[in-house]
Amino acid sequence: MAITTAPSQDLKADKAADFGDEVKTEEEQSDVEAIAEPWEKYDLNGTPHVFYPLCLGEVLDERYLVEHKIGFGGFSTVWMAHDLKTKTDVALKIFSLGEWGEHETHMQNEILQNVQDTSNLVTCSASFLLPAGSSKSHHRVLVLPLVGPSIAGGLGKVIFARLYFGFLPFPDQGQGGEVSSMVRCLGPLPEQWKGLFTHSGALDYWYDQCQIPDPKYSLAAKISKFRPEADQTEQKHMLSIMSKVFTFCPQKRLTATQLLHDPSFKAIMEKYGC
């Protein structure tokens, strides 16, 4: 197994460097902060679960040419790479330091050994390690097929956030990230969910059934603030749609088919000629 040379984990000295265009508005800042992972995720002094500092153009495991950043999550980053041996594009899921990578690898092995039909599952074809500046620490990397986005999973985000607001409705900002943004806007998570979030960062107030949504961050406030040109009828329709889509309880949430037949959704689509 080949291992690439480990780049420096300490990126604080580069924070003042020019990495592109500056954001010009509060909306753009919220969008960037929601899409890009924070610098602290690459600083060993800030967290023991650092991300692997990767640059476009690097070749990993003497085989995978990194071409594009796809995204990131709580415990990994995902990159598009070109497999120089098979001449195909793949996705590389690079885990932060910690147990997450080994847990995911174990789950992948369990699936491959016990599930006969994996045609509807995304399974890895290979796995390797990247050094983390210490001979005892490594980042686990899974090689996955490159697949397109889920239309069903992205429906609410694309229609209601990207096309209507122009940015994500629940930015990953401050303590608690996206979940705290959701709670401020929608109210507490279901009480029966408490304890299911087993990773660090969970906050007790997420489940406090006595609290109510913050009026400054409510769906109605977001619509009024970021779409002030919309008349009262349009704002009413959008609030109706979002209230039915952005709800924690799956049983109360509109399906894609139900959304297509929703009167408010039809009214908005008709107004914008969709």
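The first residue you see is number 1, and the count goes up from there.
Every residue gets a Cβ built from N, Cα and C, even glycine.
Range annotated as region 'Disordered' by TrEMBL, chosen from 1-26, 209-234: 1-26. Under the DSSP three-state reduction, Lys93 (ATP binding site) is assigned to strand. Taking the Cβ of Lys93 (ATP binding site) as centre and 10 Å as the limit, one finds 21 other Cβ atoms among all the protein chains shown.
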